[in-house]
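Down below is the structure, laid out as structure tokens.
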Amino acid sequence: MDLSELEKDNTGRCRLSSPVPAVCREEPCVLGVDEAGRGPVLGPMVYAICYCPQSRLTDLEALKVADSKTLSENERDRLFLKMEEDRDFVGWALDVLSPNLISTSMLGRVKYNLNSLSHDTASGLIQYALDQGVNVTQVFVDTVGLAETYQERLQKRFPDITVTVKAKADALYPVVSAASICAKVARDQAVKSWQFVEKVQDLDADYGSGYPNDPKTKAWLRKHVEPVFGFPQLVRFSWRTAQAILEKEAEGVTWEDSAAEEQEGSRKITSYFQSEGPQARPPHRYFQERGLESATAL
Amino acid sequence: LRRKVEAECLKDASKKMKGGLMFIKLANPCSGEGAIYLFSMCLKQLFEIKIFKEKHHSWFINESVQSGGLLHFATPMDPLFLLLHYLIKAGKEEKFQPLDQVVMDDIFPDCILLLKVLELEKLLHHVTDEKEIDNKKYYKYSKEKTLKWLGKKVNQTVAALKANHVSVGARVQSAAFFSGDQVSSDKEEDYIRYAHGLISDYIPKELSDNLSKY
Amino acid sequence: LLPCEVLANRPAPVQRFFTPAI
């Protein structure tokens, strides 16, 4: 899988896709959606779709794309290659969401939580397939959050398609399992070949699976936390695991709109009773508006 | 370990002496309290030091982080504002006096540097009456002349406020969030009031009130 | 000059982690 676009800039998001098989523009197609890397505290989260004509579902099943969770990494890579070979009837597309995008969405002033990000990414990929001219008639999605609400939302967005949202959809529908394989192959490769934009020395890439309870991952996080900059951008700063380490190991930072402001505001009331010098006139608004005051000491 | 970034000519002691740059403490002409100024011996010029001090800032200085994020500005300043402080005080004695007996201050002894500013005599014409006896000049503070001089300052400031599109109208929460078009709706009187207020940061309260009437 | 206050004066690997951009 060619992730060179991601390697160029791994702080945003990038879309990869296979060519659209001609048959998928003619015949009614089934499309599966799944993601990989939802839980880990580091590395990208990858959303993938995989689609093929209704009539070729048995061929897809013959590829043994059984429940991707039971497959090893090598088996997944091998299966992905086989799907690539069968590109005359199987198409795929994926969205790689970088850890930085995930963190900044979740920590932004206007919160954009992981579920919304996931739902929007999945809808975006289905729309992408339609825009590419794939004749999608059925969609199967592995659920994120409440299956009913998610299904309702997708059905509303795509009224001409039969949408099925189910938990463990990758074990039920081969086209979802195939999507899951694409997502996992992409994520494994992205994590393995991660280009650190931080020129971090003595960087060992031995961060384990990336799951918060993986001792290797926890050790790696503790080893690479930097008191002022936190972590390399491989890490999802919005993850509790990461925040817990930052709270312990990193310096505090205050922002203009940080909570501390309110607390400071309350102190201001008391300061009314401390006279600020008999006739100390405040500086003219020209200076106040620009945060300028006289220097009484260097 | 507090770190600072400063110009070479300030950092290196020898260069500093050569450039004749000295940080001095003088009486702030409005409050009378001590404030920091920069004096350049070779330019014979006085600079006011203002600090940009806003919450929630810090510096990256090379390979270090520095909390506070202060920024010091040196701005050329008309030394008459500081000399006025002494001339007004001496003026109360209602007699002509030599300058070196007027500009004296045991709290801020560096005030004598003000006597070295460029074209001092020309400056004094704006705010004093003078007499010459045996080639020695004697000065007495003139309120009329000073108000006239300050009137000119207000006009110059009004012109500068317009040229720099400074918003003088209804108070905005910060000049940074200002769209230029509203400036045009500001009235002349707003400019004069704003300019008077700005200059009043550099003169004693009583003179500010007289200037307001003037 | 940062739009936030890091509550410390200390060495920091600025070159490695901070790429100024306009």
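Every residue gets a Cβ built from N, Cα and C, even glycine.
TrEMBL annotations: computationally assigned, not manually curated.
Residues or ranges marked as divalent metal cation binding site by TrEMBL: A:D34, A:E35, A:D142. Summarising the environment of A:D34 (divalent metal cation binding site), the number of other Cβ atoms within 10 Å of its Cβ, over all protein chains shown, is 29. In this structure, A:D34 (divalent metal cation binding site) is part of a beta strand by DSSP.
Residues or ranges marked as compositional bias 'Polar residues' by TrEMBL: A:268-277.
What TrEMBL lists as domain 'RNase H type-2' is A:28-251. Summed and averaged per residue, pLDDT over the domain 'RNase H type-2' (A:28-251) gives 92.
Per TrEMBL, region 'Disordered' is recorded for A:253-298.
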(Q) Name them in sequence order: residues not among A:D34, A:E35, A:D142 whose Cβ is within 8 Å of the mean position of the Cβ atoms defining the divalent metal cation site. (A) A:V33, A:A36, A:Y47, A:A48, A:A122, A:V141, A:V144, A:A169, A:D170, A:V176, A:A179, A:S180, A:A183
Q) Can you name the residues of this chain that are 6 or more positions from A:E35 (divalent metal cation binding site) yet have a C-beta less than 8 Å from its C-beta? A) A:M45, A:V46, A:Y47, A:A48, A:S118, A:T121, A:A122, A:D142, A:V144, A:S180, A:A183
Q. What is the total of other Cβ atoms whose distance to the Cβ of A:D142 (divalent metal cation binding site) is within 10 Å?
A. 25
